[in-house]
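Enquirer: Residues or ranges marked as domain 'ABC transmembrane type-1' by TrEMBL: A:83-270. Annotation comment: TrEMBL describes A:20-38, A:78-106, A:118-142, A:148-171, A:192-213, A:249-270 as transmembrane segment.
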Amino acid sequence: MTRVRSIKRSRLLSGTGRYALLVFFGLIFFVPVYYLLVGSLRPGDKVLGGLSALVPSDLSLDNYAGVFNRFSNDTTGYVWQFAGVSLAVTAMVVLGGLLVNSLAGYALARMKWRGRNIVLLLVTIMTIIPFEAVALPLYYMLSGQRNTLYVQALPFLANAFSIFLFYTYFLSIPVEVEEAATIDGAGPVRTLFQVVAPMSLPAYATVAILTFLGQWGQYLWPVLMITDTKLRPLPLELSVFQNAQPPEWGPVLAFGVLFVLPVLVVFLIFQRSFVASVASSGVKG
Amino acid sequence: MTLLIRSQAERTAPPARRRRRLSSHSLMGPVMAAPALILLAVFLAIPFLGAIAMSFYRLQLNSTRAPRFIGLEQYSRLFADPDISAAFLHSLGNNFTFAAVVVPVQTALALGLALLVNGKLRGMAVFRTMFFMPLVFPLALVAVVWRLIFARDDHGLLNSAISLFTGGSVGPHDWLGSSATAMGAIIVMSIWQSVSFQMIILLGGLQAVPHDLYEAASLDRAGRWSQFLHVTVPGIRNTLIFVALLTTVFSFRLFDQVYLLGQSGSVDIESTQTMMYQVITTGYDQNNIGQGAAMAVVFLVIVTIVAVIQRRLVRQEGSIR
């Protein structure tokens with residue numbers, strides 16, 4: 001009974017109209033994805049064939065073989081190399097970011113120290129400064145560190161917005177839980193990681209997902225800092241590849257699939273928790 | 001954006017008296033916060049101050065000429081030097097056009113989609129999955145795929161579809177290359193990629209609206225539309241504001257798509273360049289770092305002003321309620 005009513009209440013449209021809209025938007029979101037997948041499996045000259053490019057015919061893995069053949073020596077770099085750079089940098093940023101930002105969020109939410117309020121205010125202000133605005137001075141300051149792996153990760157470890165997400169989440173946890181741990185003699189670091197963190201998985205998941213997606217697609221910073229083929233992350237190499245003359249669309253799309261497929265698969269598996277954690281972060285702030 | 005979050009945080013904060021009991025480790029606080037704070041200082045605060053300092057200098061990388069202090073010249077050039085100001089002011093205008101379209105359209109669309117996928121319906125899981133897919137697409141890849149969709153002549157997917165639906169009476173159009181449609185094409189592309197993100201946040205907001213409010217409304221014989229206006233919208237007001245602010249800040253950062261397509265030569269640069277595009281092309285491509293830094297400072301001032309104005313508007317609206 002309640003369920004029937006809740007279904008009725010949540011929709012402004014009747015069933016058929018609703019399905020029509022769902023199909024319409026579903027196609028809009030899905031067709032480009034499908035186009036990428038099918039195009040990556042078809043001969044390069046048929047990728048740009050108007051609507052016929054959507055017909056899954058002449059499928060083969062030639063484009064994928066083409067990608068691996070093309071990137072097979074030290075001048076062009078190797079596919080596994082680009083992927084390795086992206087993976088290493090992203091792992092550093094996600095794991096390091098979870099650690100330092102949650103520590104800071106906890107210190108701000110639960111501990112009393114001189115200057116805490118000023119730091120909180122400064123962190124708040126820093127959430128407004130987009131990285132893009134400081135990219136150029138950073139590029140100038142760090143020009144001696146160009147073409148290194150760590151310089152791709154370091155500027156993104158600490159993130160004011162992540163600190164804030166942790167801060168607000170930790171505030172919402174009842175303080176009594178930690179009091180027991182404190183009475184047992186646990187220090188704040190132990191309390192954070194043994195008591196608070198396990199209760200704050202949605203916050204950790206949200207920060208991890210948002211950081212991962214942002215970092216996996218990071219383009220501006222590598223453009224400025226990386227010229228060495230060996231250290232190019234995937235997005236940078238993809239843009240170099242797509243601008244090669246003449247463009248080889250088949251292999252370019254295959255490269256794109258290699259770039260996004262791992263993420264897409266992980267996303268499909270964890271979709272439910274992904275959506276739940278992002279949604280809760282928005283509601284909580 | 002941040003103020004909204006803060007006020008929400010403060011509301012959920014435990015009373016200060018209680019918090020004090022956990023605070024015996026007065027040295028541990030700064031120690032735990034230090035790694036993040038040092039990194040933020042080195043990679044955000046100092047470069048930010050550096051941008052301001054650099055904007056007063058003529059500065060080049062790998063140049064034999066020493067940096068030369070030129071005061072406010074870079075700033076006056078932005079508005080007076082015809083070589084620089086035309087492109088800069090044009091970019092500024094493009095940024096505002098982009099934000100003016102994207103913020104209302106994307107927020108409204110995200111709300112519509114959230115309502116559409118809210119609730120249980122057969123096959124909904126499939127639709128939701130389709131809706132969410134673009135979220136994991138990095139912009140570098142979005143640019144590749146949409147470059148092919150928007151491709152000129154009848155090989156482009158869009159042109160081919162239009163030709164099919166109009167029976168061939170409408171000829172192919174160069175969507176990205178023509179100044180009339182280039183910005184529109186970029187807008188479509190960027191909404192496609194990120195609208196589901198806003199949709200997810202709004203969906204979370206929708207599901208947090210108390211159910212008994214709807215029951216009370218239907219007892220009062222409120223129709224669906226009136227329930228939407230009087231229960232749903234007030235119920236998700238804060239989430240809606242959060243989404244709109246987020247979209248605004250993001251819309252001013254528009255860079256990747258424009259730069260990527262610009263490099264490939266497939267987009268009309270003049271009608272799509274943005275402030276960030278100017279900052280990077282001036283500072284990096286033309287190695288005029290001082291001038292680029294001045295643009296970045298102006299960019300940041302504008303982003304801050306927009307954020308502050310929005311916050312004011314939101315706060316006023318809040319006090320009326």
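Including glycine, each Cβ sits where the backbone N, Cα and C put it.
Automated prediction, rather than curation, is the source of TrEMBL annotations.
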Enquirer: Same chain only, please: residues at least 6 beyond the ends of the transmembrane segment (A:20-38) with a C-beta under 8 Å from a C-beta of the stretch. Say none if there are none.
Expert: 13, 53-56, 59, 253, 256-257, 260
Enquirer: Assess whether the transmembrane segment (A:148-171) lies in contact with the transmembrane segment (A:249-270), where contact requires at least three Cβ pairs under 8 Å among residues 6 or more apart in sequence.
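Expert: Counting Cβ pairs under 8 Å (6 or more apart in sequence), the transmembrane segment (A:148-171) does not reach the transmembrane segment (A:249-270), since there are fewer than 3.
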Enquirer: Mind checking which residues of the chain, 6+ beyond the ends of the transmembrane segment (A:192-213), have their Cβ under 8 Å from one of its Cβ atoms?
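Expert: Result: 90, 93-94, 97-98, 101-103, 106, 156, 159, 162, 165-166, 169-170, 173, 177-178, 181, 186, 263, 273-274, 276-278, 280-281.
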